[in-house]
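Novice: These came from Swiss-Prot, pasted as-is:
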type    : residues      : note
BINDING : 86, 122, 156  : [4Fe-4S] cluster 1 binding site
BINDING : 232, 236, 239 : [4Fe-4S] cluster 2 binding site
DOMAIN  : 77-195        : domain 'MTTase N-terminal'
DOMAIN  : 218-448       : domain 'Radical SAM core'
DOMAIN  : 450-513       : domain 'TRAM'
């Protein structure tokens, strides 16, 4: 355990005056709070998490991440993972599931059946954290009823100092806390939590190495997430991600391509390349190999659809645009978060581009890929946002004509520069602005969807509609949701659908045969 984390003091968050150190060595520290022993291997530290050293990131290829002594630890037992937040968390949960299945556990969807419950958390907004703490509280009666139940908290919230402090003091029915950098250590940590009976904490503030050969249990047999890089170095002033996910680290191209080829052999129809800042891919690798080069190679692999997320405008280069314009399995959907439409606010956000630069980039992409759908993220109510600045956001949305947008009220994140800014905008004003923004976004989305009326589109069928099990649902290449009546055998397949009704957020249609498609 590092000296920095040995001396970490959580007293600024909670009252640990009754805590006492039971034992301490170079590997771990054991403390006792309110009668429960807590084994701490490492604790979150924002200062350490912010550092960006030029140390080489090692690529580890362990033959087996599951020690022999725990290989059958889960025999006759079940696990449940609840996943909050982004696609990266979904991917991480697939890795955790793979490890637990390798230890002999079975997966369940029933809380009462579970012997292990892991909450894979999101820290991007306060609302997400409140949901997790609500669930932590809801699980306490079950823990009292089943003392042998192991409850773990992992993901981005675990990387926050205040969250770990709150759990240590107020939620002592939690048995295990680990972070985003040491998922591969889950079998070891679980062993300690089960046999040691104390709360176990291991959260690395400094990112770990890239671990290949992770066992993985993919729930979806049609669409797959493929991590191509980890972390973010942008440090936007409102964002906690660089602290919770660490510095940018790219997987080697040959490892990514091998994974994509394997997915193609398994019959997957769609992959999404993942990264917190996906188009910064390759900047930390030797040479000039970038996302455009990777996409160009994947373009040649026999897999019908390839997506990527999430992009930062600063890293969207001309070569990437040229590659995407080839089409083929590279779908016509660009998600490019702008966050705001006013250059002064963008500067305060630390985005390092202006409104005009974003518009120029968007127009360049649209010119190269005319049929592309364009989606974005928007934050309303950044500290001291004026009505005039908000109007700039509305006018940007009008000018770009986004097909859809994820809109949010600014949520301060502890430890970020924006959280220290004074804010004179009342919440009532922020909510009213969000409503106005959503009305505009919905209106444009509806108009854009009307362009699909009576057209035949290619749809990858994802499953039954959430609203009606007699209806199937899937997505177009441009990521529009399409609902239609069809045979269950179509699930997981690519079909053609004629659009009969365009709605604000979805399209309704009827399945058509291949000859009709050719006729059109």
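Just so you know, glycine gets a Cβ as well, placed from its N, Cα and C.
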Novice: Give me the DSSP three-state residue breakdown of the domain 'TRAM' (450-513), ordered helix, strand, coil.
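Specialist: Its residues divide into 4 helix, 33 strand, 27 coil.
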Novice: Cα of residue 86 ([4Fe-4S] cluster 1 binding site) to Cα of residue 236 ([4Fe-4S] cluster 2 binding site): how many Å, rounded?
Specialist: 18
Novice: Between the Cα atoms of residue 236 ([4Fe-4S] cluster 2 binding site) and residue 122 ([4Fe-4S] cluster 1 binding site), what distance do you get, rounded to the nearest Å?
Specialist: 17
Novice: About how far apart, in whole Å, are the alpha carbons (Cα) of residue 122 ([4Fe-4S] cluster 1 binding site) and residue 239 ([4Fe-4S] cluster 2 binding site)?
Specialist: 12
Novice: Neighbours of the [4Fe-4S] cluster 2 site 232, 236, 239: Cβ within 8 Å of the Cβ centroid, same chain, sequence order.
Specialist: 234, 235, 238, 240, 241, 242, 276, 277, 350
Novice: For the binding-site residues listed here (156, 239), tell me which residue's CB has the most neighbouring CB atoms inside 10 Å.
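Specialist: Ranked by Cβ atoms within 10 Å, first place goes to 156.
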Novice: For residue 239 ([4Fe-4S] cluster 2 binding site) and residue 156 ([4Fe-4S] cluster 1 binding site), what Cα-Cα distance in Å is obtained after rounding to a whole number?
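Specialist: Counting only the Cα atoms, the answer is 12 Å.
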Novice: At the level of the C-alpha atoms, what whole-angstrom distance separates residue 232 ([4Fe-4S] cluster 2 binding site) and residue 156 ([4Fe-4S] cluster 1 binding site)?
Specialist: 13
Novice: What is the set of residues, excluding 86, 122, 156, whose C-beta falls within 8 angstroms of the centroid of the C-beta atoms at the [4Fe-4S] cluster 1 site?
Specialist: 84, 85, 88, 89, 121, 123, 124, 128, 155, 244
Novice: Let's see if you can do this one: DSSP helix, strand and coil counts over the domain 'MTTase N-terminal' (77-195), in that order.
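Specialist: Per DSSP, the residues of the domain 'MTTase N-terminal' (77-195) fall into 65 helix, 23 strand, 31 coil.
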Novice: Reduced to three states, what secondary structure does DSSP give residue 236 ([4Fe-4S] cluster 2 binding site)?
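Specialist: DSSP assigns residue 236 ([4Fe-4S] cluster 2 binding site) to coil.
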Novice: What mean pLDDT does the predicted model reach across the domain 'TRAM' (450-513)?
Specialist: 96
Novice: Return the count of C-beta atoms lying within 10 angstroms of the C-beta of residue 236 ([4Fe-4S] cluster 2 binding site), excluding that atom itself.
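Specialist: So the Cβ neighbour count for residue 236 ([4Fe-4S] cluster 2 binding site) comes to 22.
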